[in-house]
Amino acid sequence: MSVLVVVECDKGEVKKSSLEVASYGAQVAQMLGTTATAVAVGEATEANLAALGEQGITKVLFDAEPRLKDFVNGAYTKLIAAAADKEQAKVIVLANSNIGASVGSRLAVRLKASLATNVVELPKTDGGQFTVKRGAFSGKAFADVTLSGDRKIIAVKKNSIEAQHNGGQTAQVESFTAQLSDADFADAPKQVIMQDQAGGILLPEADKVVSGGRGMKGPENWHLIEDLAKALGAATACSKPVSDVDWRPHHEHVGQTGITVSPNLYIACGISGAIQHLAGVNSSKVIVVINKDPEAPFFKAADYGIVGDVFEVLPKLTQAVKELG
Amino acid sequence: MKFLVCISNVPDTTTKITFTPDNKEFNKAGVQFVINPWDEYALTRAIELKEAQGSGTVTVLNVGEADTEPNIRKALAIGADDAIRVNAAPKDAWFVAQQIAHYAKEGGYEVILMGKESIDYNGFQVHGMVGELLGIPTVAPAMKLDMSGNTATLEREIEGGKEIVEVAAPFVASCQQPMCEPRIPNMRGIMTARTKPLKVVEAVGEGAATAVAEYQLPPKKQGVKLIDAANAGELIKLLRNEAKVI
C-alpha cells in the first residue's frame, strides 16, 4: 500500500501546483504510515524530478516516451493506472487542473475508486471514514465529502496547500512504462498553442492577481493593470462583462462561469463585486478592492479597500511597489 | 449524426447559497433553478452542428426528479428534438455517469456533449467517467468543436494554452466558452416544445461512490480596512508588513 502522486511537468520544470500536490501526498502517506511515490507526466528533467524529495517523495516513476510530453487523456490515464497498480496505491493525489481532473475522472472508473475534485484540505480519517473538504457552489460553499471506495483519488485545488521544502532530500527516479498502444493516443494533440502571458505568469497558477472590471473604461487603459501586475509579479485577470465585450480574452475571466482563483492576494480594480464574480475569488487569502463607489458590494468581501479613482490610485500603487525594492 | 446533450438543473447564478438546518443538503426553498450555464454551450453547439449537417437529432438527457422538467422543456424549446429524464436525484458524479453511459449506449449516440462542470457541485468528473465507461475518448474542457463527417476537431483548454485535438465519433466532450453564443428559446420553440417527446426512464447501475457529510459556508470577512486614496501607497506597506502577502 502506498500513496501515488501525479506530478505535471512543463518545459522541464515541475509545476507549482504539482509541488503542492506532492506535499499533500507525502503528508497523506505519513498519516497512513506509508510512503509517497510520484508518477511524472509532461516534459521533465531527471534533476527536477529527483528534487521532489524536498516535498517528501521517495520515488519518482517517469516514462520518457516523447508522445507523453503533451497532454493525452487516454495515454496518461493508462500510464497512471499502471503506476497505481505497480505501487498498490490506495490513495492517488493529482492537481485539480484541466489535466489532473480530466485524468482523475477516467482513473476513478478504471480503478473503481472514489473521486473528490477541488479538494482544499488534508483528509480526515477519524472513525474509519475518509473525509475531504472540497469547494462547491462555485466558491460559495464547502462540502465535507466521504469517500467510500477502497481506493481514493483526490484532486487538490491550487494554492490550498503550501509546498513544503524539507531540504536536501532527493527522490529516486526510475524509468517506467505502460504498454501504450496507438489507441491510447486517440486524443493526442495535433498542435499545442500556448498563450502569450504578460510577464509569463499564468492566472491559474498565480500567487497574486490584479484584476480589472468595467470601471477601467476600455482595453486601452489596461496598461495600468499590467504595470501593477508586473511590479508585483502578479497575473492579470478581468470580470465577466470585460471578457464579454472582448476587452480581454475569456481565459482571464474570473467568476462563477469563468475560472475560480485562490491566490494569496487578489486586487480588484473597478469591479463592483457581483455575486457571480465573488464566487470566483472568495477563497483568495487577501482581497483588495479599489472602486470609486463606496457602496460597491465588493467592499463587504474585501480585507483592504480604497475608495477612489482607479486611474489615480493604480499608478500610485505601482510606484509604491517599485519603491519597496 | 445523433447528439446526446446532458444537462444539469442548478440554482441560478445569483442565488445566495444556504443549507438545511443539519447542513446536509442545499436549501432549495425559494430558489430559481436553471439549465447549468456550461451545459447551454453544449446544447447550442449540438443544435448548430445538426443544422449544418442538415440531418440528425439532438436528444437532451437529465438525471433528476420531476421538478427538473421545466428546464428540460426549455432545452426542447431552444431546439433539442427529444428528451430523456432518468428519474432519480443525481447523487454524485459516478451515479450520474452510469446513467448517461447506459442510455447513451442504448440509444447509439455518436457525440455526447455536456458542460465543463455543474456550477453547484463543480465536479468536472462526469465527462471522463462516461468516456471511460463507454471506452471512447474524452475531450475536456473544449472551447471549440467542429465536425467534418465523422471527425471532430476540438480545442482543449490546458493551463496556459490550448491543444488542437482531432477525434473520430463516438466521443465525449465537455464544453465551455467561447464555443458558441448560447441560444434562448423563441416563441415558436416554446410552443413546439410542449409536444416534443420526453421519455422518463428508471435509474440503473450502482449507487454513489461518495457522500456529502456536511456543507459549510466560507468564513465571514473581518471587515474592510479603508485606506485614503490620497495616500494609496500606504496600502502596499500594509500588504507587506501586516498581511505579509507581498
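Glycine too: its Cβ is placed from the backbone N, Cα and C atoms.
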Considering the FAD binding residues A:Gly270, A:Ile271, A:Ser272, A:Gly273, A:Ala274, A:Ile275, A:Gln276, A:His277, A:Asn291 given in TrEMBL, which of A:Arg214, A:Arg248 is annotated for that site as well?
A:Arg214
For the binding-site residues listed here, A:Arg214, A:His277, which shows the highest count of neighbouring CB atoms within 10 A?
A:His277
State, in Å as a whole number, the widest CA to CA span among the FAD-binding residues A:Arg214, A:Gly270, A:Ile271, A:Ser272, A:Gly273, A:Ala274, A:Ile275, A:Gln276, A:His277, A:Asn291 given in the record.
18
A:Arg214, A:Ile271, A:Gly273, A:Ile275, A:His277: the binding-site residues whose Cβ falls under 8 Å from a chain B Cβ:
A:Ile275
At a 10 Å cut-off from the C-beta of A:Gly273 (FAD binding site), count the other C-beta atoms across all protein chains.
21
Going along the chain, which residues six or more apart from A:Ile275 (FAD binding site) have their CB under 8 A from its CB?
A:Lys140, A:Gln256, A:Pro297
